[in-house]
Structure formats: structure tokens, C-alpha cells
Amino acid sequence: MVLSDKKFVLVTGGSSGLGFETIKALIQTNQPYHVFLGCLFPDEGQSAVLSLQRDVPETPSTLESILVDVTDDESIDRCFHTVQSKIGHLDVLVNNAGISLQASEIGMREAWNRCYDVNVTGAQIMTHTFVPLLLRSNDPRLIFITSGLSSLTPMSNVYTPTRMTVPAGWPKPEVHPYRAYRATKTALNMVMLEWHWQLREDGVKTWGVSPGFLATNLGASFAGMDGAPPVLPASVGGRLVASVVEGDRDTDVGKIVLKDGEVQPF
């Protein structure tokens, strides 16, 4: 099968966690894909490709690691030109790369700025850069990985996810380690909506995907805390993202999709 017979997908942060499981879910389907596995370092990208090939030895799809640091405009440009020179278009962009940092580890300003740089600005610039390739697809799809922690509706009624009452006094106890992370994901939801409306008339389908609380490096710091939701295998989130790529959630364009056909409130 030649490359032109396949759908072309780029997943940022594809060498581990949800990105890795999304790619695995895609190459387990009957639809032939050529997946660009976005990674920060050549060795980690190649290792992830080999691991996926071992896990899914029989597949109509092909894999290729590609270097992309979403905090580096030159890296994003190099990634774009590599994809452009090889195939000339892109069918699916999955903005998956994300981090969660704590002020207690590196200082508040550094933690918040770096989280916004990766989780919001990085996704914005990746999308802006790759739109010309998406517009050359017959069925362009744009996905932003968000979080249940980003939802304003439940947070306006109760302190989610712990549901605890924070006692008076200062300093406050550590309730959860995700303040910067959740704020960036709320911002990312607006980025998703902006692109949904900007690209709708061009035929680009855009979603936010909220994969649930997964057993990944991102989830490790919250697992077991009071009020923490049950931990799901990362493969559950990967299958959800893959289902959006496959067209199962086309009726929910412009929304934040959850598993089991549900939609997350903004």
C-alpha cells in the first residue's frame, strides 16, 4: 500500500501516555493510517515506534517519529516542512502534548508560564502552522486534548474534584496539585472553540477530547488523593481519541467529548 492510500495523522506528545495509546488504538483499526509520532528526542521517538510495532505487528498502518517541541517555533516550522515535503497535506492533527508543573517544585511563575506555553500557546501555534496542510485534506480533523478539571460549570457550584471546604487561614493546605494545569485546559477549551468557528466553513471538524483520569505520568501526582476520581487505563483515553478520528463523534463537532457518547459541559 502506497502512502497516498492512507490517512495522515500527527500526534504531538506521541511517545508516551495518552499520545502513545491514541496511536496504538489507531493502528489497531482497519483504516490505513500513516502516523507521525511527535516526540522531543530521536531516541524516545524511535523507541516508541518500535514498541508500537511490537504491540501491533499486523496493521495496515505505518509509523514515523518526528521531532517537534511545541514551545519552540523553529521546531514547529521544521516539523511542518517535513510533513509538507513528504505528503503535502494532513488529515488529522491531535494536539496532545501537555505538562503539569507545581509551584512547590520550580516556583509559581515558572510553573504557570511553562504550563501555559506547552498546553495553550504550543497548541495554538501548532494549529496555526498546520492549518494550510489540513485545508488540503478531504476530511480534515482537529483535536485538542483537554481535561475534566477544565470545566467551569461544576466548579462554579462545588470545589471540584475534591469537593472539600478549604478551611480559613493562611497559608492554605494543598488541596490538589493541578491549579496551573486545569487553568491551561480551560484556556485551551476557548482555543478549541476559536478554531471551530474559524475553520467551520472550510470543512474542518474540531473537537476537544476529555479522556478521563488516566494512569499516565500526568495523573500520577493526583492518584490516591482525597476526592480523586478512579484511575482509568491510558488505553481507554486512546480509544476515545481514536474514535473521534474514525468519525464516531461527528455529531459532536465543536464540543468536548467524553467516553460513552457523553459531552462535557464547558
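Cβ coordinates come from backbone N, Cα and C, glycine included.
Per Swiss-Prot, active site, proton donor is recorded for SER147, and the stated evidence type is similarity to another entry. Annotation comment: Swiss-Prot describes TYR181 as active site, proton acceptor, evidence class sequence analysis. Swiss-Prot lists LYS185 with the feature active site, lowers pKa of active site Tyr. What Swiss-Prot records for LEU18, ASP69, ASN96, TYR181, LYS185, THR216 is NADP(+) binding site.
DSSP assigns LYS185 (active site, lowers pKa of active site Tyr) to a helix in the three-state reduction.
A distance of 15 Å separates the Cα atom of LEU18 (NADP(+) binding site) from that of the residue listed as 'active site, lowers pKa of active site Tyr'. Here the CA atom of the residue listed as 'active site, proton donor' lies 13 Å from the CA atom of THR216 (NADP(+) binding site). With the fewest other Cβ atoms inside 10 Å of its Cβ, the least crowded of the recorded positions ASN96, SER147, THR216 in this structure is THR216. When the recorded positions ASN96, TYR181, LYS185 are screened for a Cα within 10 A of the Cα of SER147 (active site, proton donor), the ones that qualify are TYR181, LYS185. Spacing of the residue listed as 'active site, proton acceptor' relative to ASN96 (NADP(+) binding site) is 14 Å (Cα to Cα, whole number). The NADP(+) site in the record is lined by LEU18, ASP69, ASN96, TYR181, LYS185, THR216, and its two most distant CA atoms lie 20 Å apart.
In this structure the alpha carbons, written CA, of the residue listed as 'active site, lowers pKa of active site Tyr' and ASN96 (NADP(+) binding site) are 11 Å apart.
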